[in-house]
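Here's the structure, in structure tokens; my notes come after.
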């Protein structure tokens, strides 16, 4: 473990812990699960906040410490929200972020070393969100942390947070679910399936065995998968503003992938240039097998699995919940968040559904910290009564008319 | 030419015409452009209706005749709309549909024979929507048809129809643009770019040279491209209804593409099964290079190109126009159609924008003939005054409030 000596709010731990044998939801066992985490601030007994990262995120949530194994967009991915004086204030809270099993930033996954000293590859057991939560619980046990002040997660990290309320309802006082849902809708399931197919049809994927130094990575397939994902994170409005139909210049097409001569007659557009650049960057930092494993975990998550309803799944949770959704998000919509809020209401848990007006798409939870920070910070200190926390339901009443969150639709597709 | 002897409305011509040397918008020439077309009904001098097919469609628009070279979804693709007694009644109209240059159903394109007797491959010149329109004009000249009663097109076929109003404004009395727009938005441009990249990164694409009998087709890449397209044609609502999150059965995963062992733990969902089936079918019927060429033509189309505005581009058109859009369509939205309607209004052309309430997504123009047929049929006979034709603007007034077409948004993303 590395630990820097500095002011409490700037303290960082960064370590990989062997939590021993681990049985996955699938029933498969591995002899040693390694769990990589970072922790920020000082633990005082009741101030632990677990932050759950998104699909391709990492434990390196804040711009503190080295984040040594992490690069690109996985690095300091929520540094506008987590840090000294930020909404999740590391002067007040002990913030723990755990890289999930199946990922590639230090926690065991397909790219990490198996018992035979070789990378697991696709012999790594299938991974579910429930496995992530249990791995996080084991790491916290190791750190001597029982009950948590809060669990906070965005995107599939929000599903991870919801799973905490199901698996360990007594361990969580406050739950924050940002830009997430009780389950993916079939449109997103379809897009994820196509993304996986792009990876597995890349000949360099080679059945998942591409880790040798002399073997090429399936970077074309992984790049395509990332481009599909990226398009899911943006909105029509944000793409109109960012790129329009503007050309990045004829002949500017990169040499990272093949093209035919006729392509040269047409502009290489800014939107293409952006997607190609993102694909290239992503393929450098992420493991293709991990992308298969983690998207399947996301697709598989269903809050109500094993219960009669979402509300029944949440029945044992007695804390408070904040749901944050974004009007321009078509990956996880405000309707899905409202449906989740309804489930909390039926389960009897105090809940606030804070709708953020934004045309940034799903990305909003990362790129609009000035809109996410205040309700999040106030909720952590004061719960649903927090000053900056709003709800779609008037005090004690029925849900207001749809006008409260209907703007999602018009902002999403108006030009 | 084959011509069946039968009742006028059931008469079909099916032929491929060599219209001679053809200069593309790019400036490149080919010595012989072959144009495949079908025509239905009897030409009486003023009853010609040109139907423009969509991206992967063909000249075989109605379920009449043999459609010999055409299979799958390209075959009789609008038979609910075109035929004896249908909205575009072949007892009244002489309906001509032309396979566009760059396609693969008989008109010259990458897969057809070049001057050296070998397939053109990617030596075929780049193709634009303007080339399609001029090829159609040449074919009509060959058939002895001057002025048209109407040009009708759906999706990119609607862009083709718009281009008629720009290039040959005096030749068209009535224009019908269904589920189309003046240009693609950057979200769709991005998705098309990813689809093309899926093709060109398939090693079997081989720079576009895969036509030899001993060479494998880039069917994986083309399949991926089709899946991305298919997801653009459906809506969240239609996918919820069609597939939900239902499993098509564990272990049911096809053997058409590789998968890793961990995949077997998760359900093979109906949405995946559907997309995989569609991809396989499509790869059997369509040429990968044609997909590159035609999507680029679609991406490139911009009604206002060479003009100051969309209205300026339409200024010379003195006919009437019907625009039909669908509230659940996120490929071409009702807002885009309304913006186009505004351009017609500014240009002084009588126009009606008929909004169809539908949660079928872009596919609605094919799968909801009972909603498309009546306004289309009435417009062909009576113009914008047609009984079943509605407009977003009250008679002589300003556009009504957004409520008229705002439902697109809520139906698109509500569950």
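Quick reminder: no glycine exception, Cβ is built from N, Cα and C everywhere.
Residue A:155 (active site, nucleophile) carries neither a helix nor a strand DSSP state and counts as coil. Using a 10 Å Cβ-Cβ cutoff, residue A:155 (active site, nucleophile) registers 27 neighbours. The active site, nucleophile annotation in TrEMBL covers A:155.
Annotated active site per TrEMBL: A:329 (among others), in sequence order. The Cβ of residue A:329 (active site) has 30 neighbouring Cβ atoms from other residues within 10 Å, across all protein chains displayed.
Taken from TrEMBL, the feature active site covers A:362 (among others). Residue A:362 (active site) has a Cβ environment of 26 other Cβ atoms inside 10 Å.
Among the features that TrEMBL reports, substrate binding site is placed at A:226, A:363. Taken residue by residue with DSSP, residue A:363 (substrate binding site) is part of a helix. Same-chain residues at least 6 positions away in sequence with a Cβ under 8 Å from that of residue A:363 (substrate binding site) are, in sequence order, A:233, A:234, A:238.
What TrEMBL records for A:47-369 is domain 'AB hydrolase-1'.
Sequence annotations record features per position, and here TrEMBL assigns region 'Disordered' to A:392-415.
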Packing count at residue A:226 (substrate binding site) (other Cβ atoms within 10 Å of its Cβ): 25
For residue A:329 (active site), the one of A:155, A:226, A:362 that lies nearest, given that the recorded positions are compared by Cα: A:362
Inter-residue C-alpha distance, residue A:226 (substrate binding site) and residue A:362 (active site) (nearest angstrom): 15
Distance [Cα-Cα, Å, rounded] between residue A:362 (active site) and residue A:155 (active site, nucleophile): 8
In three-state DSSP terms, the structure that residue A:226 (substrate binding site) belongs to: helix
Three-state secondary structure, residue A:329 (active site) (per DSSP): coil
